[in-house]
There are 2 protein chains.
Amino acid sequence: MPSEFDLIRRHFTRPARHTDLAVGDDAALLAPRPGMQLAVSTDMLVAGTHFFADTDPEALGWKTLAVNVSDLAAMGAEPRWAVLALALPAADETWIDAFARGFFACADAFGVDLAGGDTTRGPLNLCVTIFGEVPAGGAITRSGARAGDDLWITGTPGQAALGLAHLRNKVALGPDAARTCLAALHRPQPRVAFGQALRGVAGAMLDVSDGLLGDLGHILECSGCGARVDVAALPLAALHALGADDALARRCLLSGGDDYELLFTAPPARRDRLAALAQEHGLPLCRIGRISANAGELLLREADGREHPTAHSGYDHFA
Amino acid sequence: MPSEFDLIRRHFTRPARHTDLAVGDDAALLAPRPGMQLAVSTDMLVAGTHFFADTDPEALGWKTLAVNVSDLAAMGAEPRWAVLALALPAADETWIDAFARGFFACADAFGVDLAGGDTTRGPLNLCVTIFGEVPAGGAITRSGARAGDDLWITGTPGQAALGLAHLRNKVALGPDAARTCLAALHRPQPRVAFGQALRGVAGAMLDVSDGLLGDLGHILECSGCGARVDVAALPLAALHALGADDALARRCLLSGGDDYELLFTAPPARRDRLAALAQEHGLPLCRIGRISANAGELLLREADGREHPTAHSGYDHFA
């Protein structure tokens, strides 16, 4: 069996492009460019909690990095470096090779250097810490929403949850729809370029990982305001077209996690600018509601005009 | 049961001292000072592999951060920020409270801000990524050893391994000796100030985590040279005084891990400077051998003058 050091060397050593000293010493050395703040995020993915133990390792490699890249997108930051710590039940080289392939495909797609890591034996666990740069003072946090702001979502949220429902035999999608939804679930595309384009445009922002309403709750809490979401404005049609009935589409869109679309607020005066940005980036953009002054209040307005409060507690791994 | 978010908030939110935006958003924001490189290291500790599942959580909290702090000490860097990802089998608040107490005791001792984190359910796993600052170009790597350099070790290495031998009933230490050795095992004291003092003095450096000879092998490999270790010069007396016989003392010192002492090289012209630094820092310092030009060769010179080659493969979690 190859040693831990051999495995690391063979599969995780790549030429670094903008790291002063990468994998192989006590620490990596890197330097943010002048005038930049560093944005740092860490995510731990556990077999059985975040993914099935038999998940395709290449897709898992992509997703492990992609969810971290998405955290930086949600700050308007540019991903630059990552470190990867992984616990593996055994030194399964085929698995490691496929995982590394997926991981580096994502790293290459988003300009991320693997700067360091740690490999150990244990129940399958993947922990990435990612670092990006954002011009000092330019990051888009969760606390910048103001009453009267529009509420926006990128892309077609709900597809990942629909894919998961398909895997769990809760719905039977056609082959094309299944392919689309499983791609959304397994190979999320973080909105990195668009997130950076929103600097100076968006007020508050995050990426939807635990469900739109739950994550919206974080913005409301951090910003001390409320919101009204218009059901008629939600991009449900895309989910209908994939084979979801109305109830499932709504559940996937409002409560499903794992989409990694950007949810953000902006003053109404920015609508034209946002329309132009959406066109420039070829990214669907949907204005789904409005921020209110009523701290903590989250209202759903149904298509018939009725309004009712809704819960916005996020996904809780311990509930 | 309190929610994941409540637990994080209650136990891991502390005022940050030098972080622009800490726990609670998609990413933390921080800025290294001008002229500084960032040194970054990540370590994953797994129950059953790195520690016993019933280890005192407060000591575990200290050690989880301390081993990362030590990686920065080994670069001559100043620890500044850390992020903590943890997987827990259950939301055991008593455990979390004690763990956090130990973690923050170490953070406070070494000036580290907890800048962010992630908590999830899963088999117990603790992953810290630490970042520190080092003046650009000033880091002490593993590749700076040169033939003719002296080889030095700080402190009294072997105590942690002796403590582990005691826990495993391989030796019966007296109560005072046991206390000393278990403190070395559970509450390692990373040599942060001394590591920084060695900038411009040491050639190559690392912290001994997997055993002195194994870790020396990393320096030899990275620097393309060899070494001779003088058994007569090793600080074995301290281990004898604690109750180890000669064979055990030697095994603990040369092959035991978890000491987090600094192993470094320096030209003989620096001996006076090093003696002064050791006195200034109140830290025992021991000159234990010499770097040679014979790439990969690691010789042990016994007290009687005989020399013989020895293995220097590091600890391998998969072997």
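Every residue number used here counts from 1 along the chain in the order it is shown.
Cβ atoms are placed via backbone N, Cα and C, with glycine included.
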Matching residue for the Mg(2+) 3 site, where TrEMBL names A:Asp26, A:Asp207 - out of A:Asp71, A:Asp150, A:Asp246, A:Asp258
A:Asp71
If we check Cα distances from A:Asp43 (Mg(2+) 1 binding site), which of the binding-site residues A:Asp26, A:Asp71, A:Gly117, A:Asp207, A:Ser209 wins as closest?
A:Asp71
Taking A:Asp258 (substrate binding site) as the reference, which of A:Asp71, A:Gly117, A:Ser209, A:Asp210 (the binding-site residues) have a CA within 10 A of its CA?
A:Ser209, A:Asp210
Go through the binding-site residues A:Thr42, A:His50, A:Asp118, A:Arg142, A:Asp207, A:Asp210 and tell me which ones have a CA within 10 A of the CA of A:Asp71 (Mg(2+) 4 binding site).
A:Thr42, A:Asp207
Out of A:Asp26, A:Ser41, A:Thr42, A:His50, the binding-site residues in the record, which is closest to A:Gly117 (ATP binding site) when you go by Cα distance?
A:Asp26
Per DSSP (three-state), A:Arg142 (ATP binding site) is coil
Mean per-residue pLDDT computed across the domain 'PurM-like C-terminal' (A:147-294)
94
Going by Cα-Cα distance, pick out whichever of the binding-site residues A:Asp118, A:Asp207, A:Asp210 is nearest to A:Arg142 (ATP binding site).
A:Asp207
At a CB cut-off of under 8 A, do any of the binding-site residues A:His50, A:Gly117, A:Ser209 come close to chain B? List them or say none.
A:His50, A:Gly117
Test of understanding: give the count of other CB atoms lying within 10 angstroms of the CB of A:His50 (substrate binding site).
23
